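The following features are taken from Swiss-Prot:
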- Lys281: active site (ACT_SITE)
- Arg355: active site (ACT_SITE)
- Lys269, Asp274, Asp292, Glu353: Mn(2+) 2 binding site (BINDING)
- Asp274, Asp351, Glu353: Mn(2+) 1 binding site (BINDING)
Amino acid sequence: MEFSVKSGSPEKQRSACIVVGVYEPRRLSGIAEQLDKISEGYISNLLRRGDLEGKPGQMLLLHHVPNVLSERVLLVGCGKERELDERQYKQIITKTIKTLNETGSMEAVCFLTELHVKGRDTYWKVREAVETTQNSLYSFDALKSAKGETRRPLRKLVFNVPTRRELTVGERAIEHGMAVSAGMRLCRDVANMPPNICNPAYLASQARQMGENSEELTVTTVGEEQMAKLGMNSYLAVGRGSDNESIMTVMEYKGAVDNTEKPIVLVGKGLTFDSGGISLKPGEGMDEMKYDMGGAAGVIGAMKALCDMKLPINVVAILAGCENMPSSNAYRPGDILTTMSGQTVEVLNTDAEGRLVLCDVLTYVERFDPELVVDTATLTGACVIALGKHASGLFSGHNPLAHELLNAGEQSGDRAWRLPIWDEYQEHLESPFADMTNLGGRPAGAITAACFLSRFTKKYNWAHIDVAGTAWNSGANKGSTGRPVPLLTQFLINRAGVEQGD
């Protein structure tokens with residue numbers, strides 16, 4: 001899909017189709033009023049006749065509107081003007097793209113970016129339109145022998161902005177939106193891959209491929225032999241039951257003018273399949289445990305967006321690749337593991353494995369002398385129970401970092417909700433035999449998991465994002481969502497100090 005931005009009057013557009021909004025009840029937007037005046041009341045007459053109410057998502061395609069150069073005009077219902085918010089705007093864009101494709105439009109000029117969306121500027125409206133369009137067109141059919149013929153003739157979409165001085169803002173929004181969309185697409189492609197293809201080595205290969213196309217990015221890997229030398233016994237224990245080698249992929253991006261600038265470190269849990277190990281999961285829905293690498297998929301997606309935008313910032317990303325399988329070599333409930341930090345962990349349940357991988361990685365990243373560390377993981381079912389599918393769980397003992405991430409979530413629409421990690425919750429992890437257990441019980445499960453991780457992050461500012469409820473959808477629309485790529489990327493854009501809106 002090709003995107004561009006322009007500033008012009010609707011009646012002068014020679015595009016195959018122009019897209020304008022109509023409010024409820026049958027009220028013309030400013031642009032629609034211009035068209036109505038030029039067409040001598042043609043559009044308002046249709047509305048009075050009841051052809052379109054203006055309810056959100058309603059569509060009416062007009063052909064050969066009098067005195068308008070464009071062949072077609074698509075009227076889009078936008079609901080009540082004062083109630084148009086981010087969620088409704090995205091839904092309208094999605095429905096518009098679907099209608100343009102279904103009606104055979106090859107190109108269109110979209111004036112919906114001139115609508116007033118509460119609290120949002122031109123940059124946000126254009127960028128969100130790009131991301132929403134790209135996400136609505138995504139499909140994963142690489143492994144189907146007979147690929148369906150989806151009708152998608154739309155090739156070019158032009159967004160109109162009110163004034164010429166906003167053209168630069170619009171172009172920047174398209175650039176950023178395309179980068180985030182590319183990152184989300186990579187995240188979804190990697191996460192949707194079946195576990196017989198997407199194993200830790202596959203994750204590493206995807207990162208290496210990215211490194212070959214970016215001068216700023218260097219990719220290395222740490223295998224099991226090197227992990228053993230480093231004392232990463234907890235990480236190694238989780239992967240011991242699998243024939244697929246555990247591989248930690250290290251991606252170092254150096255974009256800052258000052259190469260000595262401390263890096264931001266992103267860590268992604270990369271359990272490419274989680275059977276639960278000896279504490280075997282129920283069979284129903286176990287196929288979705290290929291998505292237990294959703295954290296790593298989100299991190300590699302954010303790195304893709306970072307490379308595409310060439311942000312002036314230093315970032316280290318760790319993809320903690322591993323597979324949790326039952327076998328005679330697998331680790332067991334009752335085992336006591338000595339982590340890379342020297343702290344010991346009593347294993348109560350082998351299905352609480354993500355934290356055992358992450359704790360060693362959180363110790364490993366100390367060598368980068370990080371500015372801060374953000375880990376993201378499909379860590380707990382408890383987070384899904386607490387927050388559902390809409391918000392990711394955010395945990396941090398550092399208020400400024402937590403607020404930065406929450407703001408990035410609000411800006412990008414990839415929202416998170418902060419939960420506490422008070423000292424009282426640490427008591428749930430006490431063990432009579434080791435420094436801690438790997439399971440805090442059913443109450444506050446997402447919180448106690450974050451408390452466990454916090455014990456390995458004393459040397460830097462840290463935040464944990466639990467994406468167990470947001471990284472993928474189940475049911476008929478099963479598949480990766482591409483989250484938390486928008487949140488992480490927005491956080492990096494803000495950190496880099498890159499100009500965005502007006």
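Cβ coordinates are placed from backbone N, Cα and C, and glycine is handled just like the others.
Checked against Lys269 (Mn(2+) 2 binding site) by C-alpha proximity, the recorded positions Lys281, Asp351, Arg355 yield Arg355 as the nearest.
The residues near the Mn(2+) 2 site, meaning same-chain residues not in Lys269, Asp274, Asp292, Glu353 whose C-beta sits within 8 angstroms of the mean position of the site's C-beta atoms, are Val238, Leu271, Met289, Met293, Cys322, Asn324, Gly354, Val357, Ala377, Thr378, in sequence order.
Listed in sequence order, Asp274, Ser275, Met289, Asp351 are the same-chain residues at least 6 apart in sequence whose CB falls under 8 Å from the CB of Lys281 (active site).
Neighbour density at the Cβ, taken as the number of other Cβ atoms within 10 Å, is lowest among the recorded positions Lys269, Arg355 for Arg355. Neighbour density for Asp274 (Mn(2+) 2 binding site): within 10 A of its CB lie 26 other CB atoms from the protein chains shown. Fewest Cβ neighbours within 10 Å among the binding-site residues Asp292, Asp351, Glu353: that distinction goes to Asp351. Separation of the C-alpha atoms of Asp292 (Mn(2+) 2 binding site) and Arg355 (active site): 12 Å, rounded to the nearest whole number. What surrounds the Mn(2+) 1 site, by Cβ distance within 8 Å of the Cβ centroid and not counting Asp274, Asp351, Glu353, is the set Val238, Leu271, Ser275, Gly276, Gly277, Ser279, Lys281, Asp292, Asn324, Thr350, Ala352, Gly354 from the same chain.
Under the three-state DSSP scheme, Asp292 (Mn(2+) 2 binding site) falls in the helix class.
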